[in-house]
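K.L.:
Let me give you the structure first, and then I'll get to my questions.
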Amino acid sequence: MQVPRVKLLMGSGAMFVFAIIYGWVIFPKILKFMISKQVTLKPGSDVRELWSNTPFPLHFYFYVFNVTNPDEVSEGAKPRLQEVGPFVFDEWKDKYDLEDDVVEDTVSFTMRNTFIFNAKETLPLTGEEEIILPHPIMQPGGISVQREKAAMMELVSKGLSIVFPDAKAFLKAKFMDLFFRGINVDCSSEEFAAKALCTVFYTGEVKQAKQVNQTHFLFSFMGQANHSDAGRFTVCRGVKNNKKLGKVVKFADEPEQDIWPDGECNTFVGTDSTVFAPGLKKEDGLWAFTPDLCRSLGAYYQHKSSYHGMPSMRYTLDLGDIRADERLHCFCEDPEDLDTCPPKGTMNLAACVGGPLMASMPHFYLGDPKLIADVDGLNPNERDHAVYIDFELMSGTPFQAAKRLQFNLDMEPVEGIEPMRNLPKLILPMFWVEEGVHLNKTYTNLVKYTLFLGLKINSVLRWSLITFSLVGLMFSAYLFYHKSDSLDITSILKENNKVDDVASTKEPLPPANPKQSTTAHPVQVPNTLIPGTNPATHPAPHLKMEHRERY
């Protein structure tokens, strides 16, 4: 049976075109469309439920810099630091008081973070270790007064000596007291200076202090932030425009901040860091607004990575060089005076938190080398101190991440406060934190079996179709080539047989010589002709025939 060459060629070509168009154009569009419809913050959706109440805790680590030579530093010596940690906590995130605006396609909510001490993961530490840090009230308060309200220095100095009798520039206290339980602030004195100092506690200006009775407060770095309001956000739901999913449009009911001297730095860029839009391009970066810094930060693509066998993109970020980057000059105290810009790798938080604090990467990683040289005990490296995010772009899923940040005191001598008079001027690391997440198989399997399984099936299908179509195209090409380059032997033989049949029906002419015998012995011709032919009817052309015809 003959193979239908034309049909085979057309079918193989159609299969090849279909595999290309469906595998690389139609299927990705269908998949992206399905993801865009599923990944929204519309009430009742699975993503909305996971987003509003994270069903697993994040890992939160504290690393504290213990000052081992506090008395020497008080006299101007170089600080020697000892890193103590990690102190491990489970951080639970939830959002409450959710309000949807269907017209604007937004949802407003209040963020809440709850920290629970994980004693098992903290071992061999217990949280009861004594740490020596800059006095968390005296030093920031004294420096702020010297910079902004120098005329009140004498009153503040006297008030500090009453509220904190015999206090030094550095305080020794247990980790849990400094960070969660609180250190005692006694405002029971009737002295005017003490009452004036305690006014900032009673009015709530010191956000880290909690009033326990009429005359006493407890001060801690994190106690007030634990299981309390962490800010009111308004973000896009992504129902009308999936590309805007999670985008912050308001914080504290304001469309922009009023903290930095230039409007661009006050703009909200990115999400609340708990959700990202699907279908991002790697060059877009991952942007999120960070209330602790009063600033939006963008992570940039670093390299390809993988998580539990699934491909992902590795992103990282840093605080940049505010002085060198013109776009960041609005984070300087005076954008027109670059001398007011913080050193490379740091950010001045004074305008954000109301105190002389600086943010940086842990151990001043990627920062100005002078910052590291000013103290002993730092060892910056990428593995331990860089920020990273392993992100799946198509679904907008962060597989794992480590957000790291260090808080430093912008220390300087304060002439009006005796214990601080001889302090060196430098940026002193106090502690750094890491907020980490690593999705387990329960959640990665959702991505694996809905996204990657579909991609795998599509990949196998399209390459199988391409393979079959190429085989068909090559076979049909072979058939066409064989047809044009070879003889149709059967047709030729049939044509020759027809000619011989006609010749055999002709009546023979009489012999030219009557005396010549009309019977001749035929010459025996070897059968060297084409197989299937009759040697008698097809004599070899090079042999002379006994019988000749006259014309």
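For all residues, glycine too, the Cβ spot is worked out from N, Cα and C.
Feature table excerpt (Swiss-Prot):
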COMPBIAS  514-536  compositional bias 'Polar residues'
DISULFID  Cys265-Cys330  disulfide bond
DISULFID  Cys294-Cys352  disulfide bond
DISULFID  Cys332-Cys341  disulfide bond
CARBOHYD  Asn66  N-linked glycosylation site
CARBOHYD  Asn213  N-linked glycosylation site
CARBOHYD  Asn226  N-linked glycosylation site
CARBOHYD  Asn440  N-linked glycosylation site
REGION    502-551  region 'Disordered'
TOPO_DOM  1-7  topological domain 'Cytoplasmic'
TOPO_DOM  481-551  topological domain 'Cytoplasmic'
K.L.:
How big is the Cα-to-Cα gap, in Å, between Asn213 (N-linked glycosylation site) and Cys352 (disulfide bond)?
P.N.:
29
K.L.:
Minimum Cβ neighbour count within 10 Å among the glycosylation sites Asn66, Asn440: which residue?
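P.N.:
Checked Asn66, Asn440; of these glycosylation sites, fewest Cβ neighbours within 10 Å: Asn440.
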K.L.:
In angstrom units, rounded to an integer, how far apart are the Cα atoms of Cys330 (disulfide bond) and Cys352 (disulfide bond)?
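P.N.:
Between the alpha carbons of Cys330 (disulfide bond) and Cys352 (disulfide bond) there are 13 Å.
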K.L.:
Considering every residue in the topological domain 'Cytoplasmic' (1-7), what is the mean pLDDT value?
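P.N.:
Mean pLDDT for the topological domain 'Cytoplasmic' (1-7): 61.
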K.L.:
Quick one: of the recorded positions Asn226, Cys265, Cys294, Cys332, Asn440, which has its CA closest to the CA of Asn66 (N-linked glycosylation site)?
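P.N.:
Comparing Cα positions, the candidate nearest Asn66 (N-linked glycosylation site) turns out to be Asn226.
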K.L.:
At a 10 Å cut-off from the C-beta of Cys330 (disulfide bond), count the other C-beta atoms across all protein chains.
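P.N.:
Other Cβ atoms found within 10 Å: 16.
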K.L.:
Could you check the glycosylation sites Asn213, Asn226 and say which one's CB has the fewest neighbouring CB atoms inside 10 Å?
P.N.:
Asn213
K.L.:
Could you give the Cα-Cα distance between Cys265 (disulfide bond) and Cys332 (disulfide bond), in whole Å?
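P.N.:
Cα of Cys265 (disulfide bond) to Cα of Cys332 (disulfide bond) measures 10 Å after rounding.
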K.L.:
Tell me which of the recorded positions Asn226, Cys294, Cys341 ends up closest to Asn440 (N-linked glycosylation site) in space, Cα to Cα.
P.N.:
Asn226
K.L.:
Including all protein chains displayed, how many Cβ atoms other than that of Cys352 (disulfide bond) lie within 10 Å of its Cβ?
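P.N.:
Looking across every protein chain shown, the total is 20.
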K.L.:
Where does Cys341 (disulfide bond) sit by DSSP, helix, strand or coil?
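P.N.:
DSSP call for Cys341 (disulfide bond): coil, neither helix nor strand.
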K.L.:
Any idea what the Cα distance is from Cys352 (disulfide bond) over to Asn226 (N-linked glycosylation site), rounded to a whole Å?
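P.N.:
Spelling it out, the Cα of Cys352 (disulfide bond) and the Cα of Asn226 (N-linked glycosylation site) are 19 Å apart.
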K.L.:
Rounded to a whole angstrom, what is the C-alpha distance between Cys294 (disulfide bond) and Cys332 (disulfide bond)?
P.N.:
14
K.L.:
Taking the Cβ of Cys294 (disulfide bond) as the centre, how many other Cβ atoms fall within a 10 Å radius?
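P.N.:
I count 19 other Cβ atoms within 10 Å of it.
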